[in-house]
Amino acid sequence: MSDSSSALRIVWIYPDLLSTYGDKGNVLVLRRRAELRGIPVEEVHVHSSDPVPAEGDIYLLGGGEDRPQILAAERLRADGGLKRAAERGACVFSVCAGYQIIGETYGDDADNPLPGVGIMDIRSGRGETRGVGEIVADVDPALGVGRITGFENHQGRTAIGASATPLSQVVTGVGNDGRTEGAYQGQILGTYLHGPALPRNPALADLLLRWRVGQIPPLDPSWGERLHEERLAAAL
Amino acid sequence: MSELPLRAQLAAVLGKGAATLSRATGRGDGSVIGGRVALKVEPDLLAKLARGRRLTLVSATNGKTTTTRLIASALRELGDIATNEHGANMPTGHITALANSPEARNGVLEVDEKYLPQVLRQTNPAVVVLMNLSRDQMDRASEINLLAKKWRDALSRSEAHVVANADDPLVAWAGLGARHATWVAAGQRWKEDSWCCPECGGHLKRDPDPHWECPECGLRRPEATWAVDNDNDTVTDSNGQPMRLELGLPGDANRANAAIAMATAAAYGIHPKQSLPRLREIRSVAGRYTSVVTDGVEVRLLLAKNPAGWLESFAVLSRPHVPVLLSVNAQIPDGKDTSWLWDVDYTVLRGRRVFVMGERRTDLALRLETDGVPFEIADTVGDVVTRLKSEQSGITMVDVIANYTAFQQIRTAYGRVQ
């Protein structure tokens, strides 16, 4: 946890630009799964006109439309707070547009490469087709997460560089390129599962918590696990 | 009809035939199939059917069907009105509506958001009405910033008079592209899609509500000449005259819809004193806000398709002792993606008895659990009523909030009550 506080500090980056569809779910579920284990949480929402604090534990970035995505990337680069936090070893969880802009480059609507925040060794551009629909993927066994499920809705394609590792292998859906889905590098993790990726994958939420606080006790299975199973069954 | 060229006449007749067949065989109300058949024969039919009429196009994310109905009622002052009152809001539905009322000189058409630029070009309307724009069915709809841009471009190339909500920044920005506009301070409860300036992307300053402006590029709320006052249930017209609304439809959203309808009627020269009594008579629109009585219990039906709609529905719920049933499906007309459920704040339901139903009730269950709202699982409205009656004999009312196909299923189960 952060040095200055006994609470787990969750920083939601730019809800005004990067909160297109259900991204708030990631904040809510992370908070709930921490609190159910007795971990106090401090939640910080950072608007695009405000500086990003460097002393957070978990930074969340959501999805965004083309123009807000470009604005968010420009502002994050100018601000520098997220990069400083990443260099300090903080955890970053990003979905969809948020995933693309934490990489080295991403494509605008005409597929011109634009500079990203540069905290993960990935490069994104635009594909021929839009990936829309349920996605299922098997996460790298080293992370102990298992199979993930979500909804994807993106034109982007992402190439993973040598310093990053694919998050998962696609079972059904598109993800990065039809074969792998998402990426991670240290405690920085990105995925094309848009919106409420953590509500639909409680094990992924718990991975982020483990990264920050070490061992955590298991929770009794609840509606999150049930939804996870239901959506896997529906998508396969 | 006699003014139409022969090909268009034939197309309209064929379309009507298909619509009648569709109704007779129980496939639907015919509004879509009729138009589809007609368009095959005459692709330019919509423009031809619109020629010589004074049309109003109504578009928004929420409230299109209701506002179209309100405006059509107000304009009946002028005689017959051509309108797509069943909510078939794409060009096929517009063709059917216009073909069905060949003599009507005036028309009011509900238009799907994505189709507005195209329908605007083809029909050359007198008035375009815009109420709100928010996230909706992202898996099949366009990005809303892009949509607002398309609206703005289409309006800037049109002579249409715009009647629009000044309090919704995306709508206002689109309407500011028009040459003539009447601005209505109609309010905006859902603000999560309008923190970002549509002109430059700056973070909008929205204080004091409903004022908004962009500190970076200076874009600001246009000066409104009509205003809704929800607390006092009044609308003030462009002469500064406040009028008590006392509508038959509930809630702030319908006050906004009524104000916009009155401002639209005024653009046709109809005084609010004439339009308002017509609006008050409307108590239900395409089954929305209808109550059905089942087993002695009044079941009130509210349709809500997206976060902004759910927020409005929560605001019109009955008193806290009245149970509420939430039903969500994810079929194609609903959008297959339920991510939007996470954008709705359910904490207002704490303290109320809540049931969840529909294909995606597990999504709802997790969502409510996360917000600390206790709930029960249900299969049908009938089951809920039976369960409630067996536990508390005094139960008299249940509210139901459902998204599109879930709502239609419930209506069908109750014989498509109006």
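Cβ atoms here come from the backbone N, Cα and C positions, even for glycine.
The average per-residue pLDDT of the prediction over the domain 'CobB/CobQ-like glutamine amidotransferase' (A:9-201) is 96, rounded to a whole number. Positions annotated as domain 'CobB/CobQ-like glutamine amidotransferase' by TrEMBL: A:9-201.
Cβ neighbours within 10 Å of A:CYS96 (active site, nucleophile), excluding its own Cβ and spanning all shown chains: 28. According to TrEMBL, the active site, nucleophile annotation covers A:CYS96.
Counting only residues at least six positions away in the same chain, the Cβ atoms of A:ASN153, A:HIS154, A:GLN155 sit under 8 Å from the Cβ of A:ARG130 (substrate binding site). Summarising the annotation, TrEMBL assigns substrate binding site to A:ARG130.
All protein chains considered, the CB of A:HIS194 (active site) has 27 other CB atoms within 10 Å. The active site annotation in TrEMBL covers A:HIS194.
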Residues from A:CYS96, A:ARG130, A:HIS194 facing chain B - recorded positions, CB under 8 A: A:HIS194
Integer Cα-Cα distance in angstrom, A:CYS96 (active site, nucleophile) to A:HIS194 (active site): 5
